[in-house]
Amino acid sequence: MAEPVNVNEFQVLARQALPKMYYNYYTGGAEDQHTLRENVEAFRRITIDMSTAILGYKTSAPIMIAPTAMHKLAHPEGEVATARAAAASDVIMGLSYMSTCTVEEVTSSCNAVRFFQIYVYKRRDITAFMVQRAERNGFKAIILTADTPRLGRREADIKNKMVAPQLKNFEGLISTEYVSDDGSNIEAFAAVTFDASLCWKDIAWLKSITNLPILIKGVLTSEDAIKAVEVGVAGIIVSNHGARQLDYAPATISVLEEVVHAIQDKVPVFFDGGVRRGTDIFKVLALGAKAVLIGRAVVYGLAAKGEHGVKQVIEMLKNELELTMTLSGCCTINDITRSHVKTDKEICCRM
C-alpha cells in the first residue's frame, strides 16, 4: 500500500497490523455503536456555506461572470455556452453589450440569472432599445460601464489590426463593420458610436427608461462612489476595465477599501479585476466587497474547453475559496472579516 495521505488510511494499516482482539478494543464503541458512528458522520453534515445573495438573487458563491465581449472569438457557441455554464454552476452571468450571441439566444439557452451590461451610445435610441430588450427577456439588472468615453489604446489590437465580427444584437440598428487604416476596427467602431459626453445626469435618463436596478462599473475613487450613490445606483463595481483603458490606473484591489468606506453600506460593492484564485476572492470579501466578477479566466476556460471549461473555472475558484474559508475558520461568507487580511501598509507599520 502507498504511503497514507490521511488518518483513515492509517486505520486500514492498523487493522492489518493488529490482532482482531486488539483492533476491536481500540476501534469499538458501546452497544450498537450508534454514537461512535455519529461522532464521525456529524462532521459531514456541517458544511462550508459559500452561498450569498446579489441584489436579492440567491447564488451558490460570491462569484459573477463578468460581461466580456465577443465570446464566439473564443468558442463557436459563444455566450450561450457561457450562460449554460453559469446556470449549471448557479452563479450570475453578466452579458456584454458587445456579445456575439443575441439577447434572445442567451435567454432561451438556460435559466441562469442574467445581468445586462451596456455602453451609452451617441444614438440614445439604440441604448434605450437594448436596455428595454434585455428587460423584456428577463434580465435582472443593468450594468452601466462608465469608464469608456473612448476606448483605451490597446496596442496589441492595433498591431494585429484586430477585426471584430458583426454583432448580432445590432443587426438592423447600426453597422459594426468599421474599417480603420491605422489598426483595430474595434477602436474605430467605438470612436464612432460611444458617447464621450456621458455624465452623472445620464443615470437619471437611464433610470427613466427601465425598472431594472442599475450597477455602475468603473469606479475607482471615493468621490465617484459617493456621487454614484447620490444619483441612485443600486450597486458599485470597482473596476479598471481589466487594465484595458488607462495604463497606470491603480490596481482595483488597492482602491477597494477606499470605496467601501466611502459609501458605508448604502449600496453593495462588487469587485472586478485580477482574480485568479480562491484566496483572491477571500481577500476581496475581507476588504468589504460582496462578490467578485470573473472575466479573463472565464474566457480562457471557454477557449480551452467550451461550456465545460467555464464550469471548471468556476468550480475551481469555488473549491479554492471553500478551502481558504475552512482553513481560516469561516463557515459562511459573513464570517470573513477585515481581521483576516493585512495590507502592505499595515505590515510596514508593524515593522
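Cβ coordinates come from backbone N, Cα and C, glycine included.
Unlike curated records, TrEMBL annotations are generated automatically.
Note that the structure is a prediction, hence the values are computed from the model and not measured.
As recorded in TrEMBL, the features of this protein are as follows:
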type     : residues                                                       : note
DOMAIN   : 1-346                                                          : domain 'FMN hydroxy acid dehydrogenase'
BINDING  : Tyr25, Tyr119, Arg154, His241, Arg244                          : glyoxylate binding site
BINDING  : 67-69, Ser96, Gln117, Thr145, Lys217, Ser239, 272-276, 295-296 : FMN binding site
ACT_SITE : His241                                                         : active site, proton acceptor
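Annotated features, which come from TrEMBL, shown on the structure.
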residue	record	CB count, 10 Å
Tyr25	glyoxylate binding site	10
Pro67	FMN binding site	24
Ala69	FMN binding site	17
Gln117	FMN binding site	24
Arg154	glyoxylate binding site	17
Lys217	FMN binding site	25
Arg244	glyoxylate binding site	15
Asp272	FMN binding site	26
Arg276	FMN binding site	14
Arg296	FMN binding site	15
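Around His241 (glyoxylate binding site), a 10 Å sphere centred on its CB holds 20 further CB atoms from the protein chains shown. Cβ-based neighbour count (10 Å, all protein chains) for Gly274 (FMN binding site) stands at 17.
A gap of 18 Å separates the Cα atoms of Gly274 (FMN binding site) and Arg154 (glyoxylate binding site). The number of other CB atoms found within 10 A of the CB of Tyr119 (glyoxylate binding site), across every protein chain shown, is 20. If you measure from the Cα atom of Arg154 (glyoxylate binding site) to that of Gln117 (FMN binding site), you get 21 Å. Here the candidates are the binding-site residues Gln117, Lys217, Arg276, Arg296, and by Cα distance the one nearest Tyr25 (glyoxylate binding site) turns out to be Arg276.
Separating the Cα atoms of Arg276 (FMN binding site) and His241 (glyoxylate binding site) is a whole-number distance of 16 Å. Mean pLDDT across the domain 'FMN hydroxy acid dehydrogenase' (1-346) comes to 90 in this model.
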